[in-house]
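Taking it in order: structure first as structure tokens, then the write-up.
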């Protein structure tokens with residue numbers, strides 16, 4: 001069964017049916033487009049959601065070290081990948097379905113228009129042939145009527161007695177001509193009728209069935225292609241299901257990675273201060289004239305003298321620096337000044353008259369200020385400004401931060417050293433093969449790399465000194481905390497009298513000057529150097545400098561300018577002054 005044989009007379013029905021099929025394809029294309037818009041909107045909202053909840057900043061990075069925070073970040077990453085798969089679905093549907101079907105729909109419309117035009121053209125040809133047949137038929141009928149009339153007139157004239165022979169001959173001749181003309185029209189009509197019947201048979205049995213069958217084939221191809229589009233609608237999503245499944249599995253895996261014990265231990269490691277718990281506060285019996293005892297608790301931890309940063313300037317000690325001493329002061333065996341002291345514990349009058357202010361400052365710095373400042377540290381740590389040497393952090397955290405900084409500097413130093421080695425090798429190749437390049441063109445890079453290496457080594461030495469200070473300071477602090485009270489008690493028992501308090505005072509003030517370094521030589525600047533890096537200083541050509549630290553093989557030396565500014569400069573930029 002086909003359209004040409006069974007629907008040869010259903011042109012209008014076929015026209016509507018094929019148009020309905022094309023409309024369905026167009027509707028399906030619009031449907032897929034709207035589906036892709038939904039997918040794109042969904043993916044966009046998912047990406048906005050993940051961006052909203054993704055942590056950023058140093059504090060958030062610190063939190064991400066915990067497994068539960070890290071797992072949530074992994075979930076957000078997997079969800080972001082899931083959004084990418086939804087976008088891929090939308091993109092494949094646009095390119096694989098909408099674009100292809102739209103192109104195919106245009107081809108179908110053009111093909112359908114051609115077939116329907118052929119039908120109309122064939123129908124017009126048949127109608128024109130039929131009109132010509134009708135015209136020939138009418139002419140034949142007219143001529144046949146005229147021939148019969150002429151024949152009747154000839155017979156009437158022949159039977160008329162009054163008609164002459166000439167009239168009779170004329171009437172017969174006219175009748176004969178009319179009959180001949182009618183016979184010609186009859187032949188034309190017969191021939192046109194035969195031609196029309198032939199064209200009509202061709203139209204209904206050959207031409208129209210062929211065109212209708214072509215329309216049927218077109219419609220079947222449309223249905224088949226549309227069915228493929230239906231399958232693509234599902235297959236496109238099936239193709240990304242494995243990746244989507246992996247994203248969902250990743251979310252489940254991230255949930256399984258959480259470890260509450262590990263997070264608790266990590267939290268302890270991050271915030272462990274390293275301080276010891278406060279010991280009991282001792283009873284201070286003022287009625288007996290005994291000096292108030294200083295608690296060896298962490299509220300009054302011993303002072304550990306911090307080494308000055310090698311690049312910083314040394315300042316002279318004055319009374320202002322005494323008032324600004326660190327809050328952690330070491331316990332002292334100095335008894336308080338009191339008129340009620342036993343005779344063997346009181347200060348000599350000559351010493352007391354020589355330095356009353358020092359004794360008062362010593363007492364104030366030892367007993368009052370440490371407790372106030374230490375309480376501030378314990379209760380308001382977030383108010384302390386961040387220091388480059390991380391001294392604002394508790395001991396444990398400071399050591400970790402310093403060690404991490406040292407590791408980073410070592411990595412940068414290794415990279416810089418590798419770069420320097422590569423430049424030196426390249427320079428050697430250029431010197432051996434001048435055609436490959438100019439060795440002097442590498443000098444600026446070599447100089448810059450050398451300066452970078454020197455700067456990194458200076459920073460490394462600085463942070464290593466701070467780390468050594470942190471480790472040594474903590475050990476010293478623990479030793480003093482554990483042994484101070486015992487040493488004080490033993491000293492009183494064994495000697496029976498206190499040591500000279502003024503001796504301790506002057507010794508402490510003398511210690512302030514222990515860190516002041518003396519120059520080990522003089523040098524003169526050969527060139528001007530701009531100290532832009534941290535730890536370096538700027539010098540001008542011809543300037544006289546004091547050498548504080550010799551070159552240790554890294555190409556840098558520490559000097560002191562006349563203005564008091566101290567820092568590192570390249571050793572090749574100066575010459576020693578005898």
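Every residue, even glycine, has its Cβ placed from backbone N, Cα and C.
Looking at the coiled coil (105-174) alone, the prediction's average pLDDT is 89. Here TrEMBL flags 105-174 (among others) as coiled coil.
Under the heading coiled coil, TrEMBL lists 399-433 (among others).
Annotation source TrEMBL lists domain 'F-BAR' at 1-263.
If you look up TrEMBL, you'll see 392-469 marked as domain 'REM-1'.
Among the features that TrEMBL reports, domain 'SH3' is placed at 518-578.
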Residue counts (helix, strand, coil, in that order) that DSSP gives for the domain 'SH3' (518-578): 3 helix, 28 strand, 30 coil
DSSP residue counts for the domain 'REM-1' (392-469), split into helix, strand and coil: 72 helix, 0 strand, 6 coil
